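Copied over from TrEMBL:
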type   : residues : note
DOMAIN : 21-122   : domain 'VHS'
Amino acid sequence: MSFFGVGNPFGTPVGQKIEQATDGSLPSENWALNMEICDIVNTSADGPKDAIKAIRKRLTQSAGRNYTVVMYTLTVLETCVKNCGKSFHILVCNKEFISDLVKLIGPKTILQQLCRKTFDFLYFPTFYFIFFY
């Protein structure tokens with residue numbers, strides 16, 4: 001079984017923060033909380049794995065239902081990619097995780113901004129890894 005499917009991803013410290021940061025009732029992104037998430041990811045051994053599990057769960061449970069939650073989750077993901085280390089980057093490049101991101105821009109997705117943000121995110125790590133790893 002994949003490590004993505006085990007346990008409640010929102011039961012960990014970073015998972016709880018991700019759930020708070022991606023709450024659809026927020027008026028806008030909470031950048032302080034997003035950076036706090038990055039700090040947890042960078043300082044705890046299970047931080048990267050727990051963060052990816054929580055982000056993936058949030059994206060899959062909200063896709064097609066809550067545009068705001070998906071956009072906030074993509075913002076958290078982008079913030080982590082830009083501010084977290086190699087162990088997080090390796091997990092982001094996992095085939096299962098990328099597959100879930102690609103599903104966000106499938107034929108049922110009509111929201112142009114969501115498609116663009118997802119595409120931009122998928123494209124960014126490719127260039128990042130080519131030049132920095």
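Using the three backbone atoms N, Cα and C, a Cβ is placed for every residue, glycine included.
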**Item:** the domain 'VHS' (21-122): DSSP-derived helix, strand, coil residue counts
**Value:** 75 helix, 0 strand, 27 coil
**Fill in**
Across the domain 'VHS' (21-122), the model's average pLDDT, rounded to a whole number, is 85
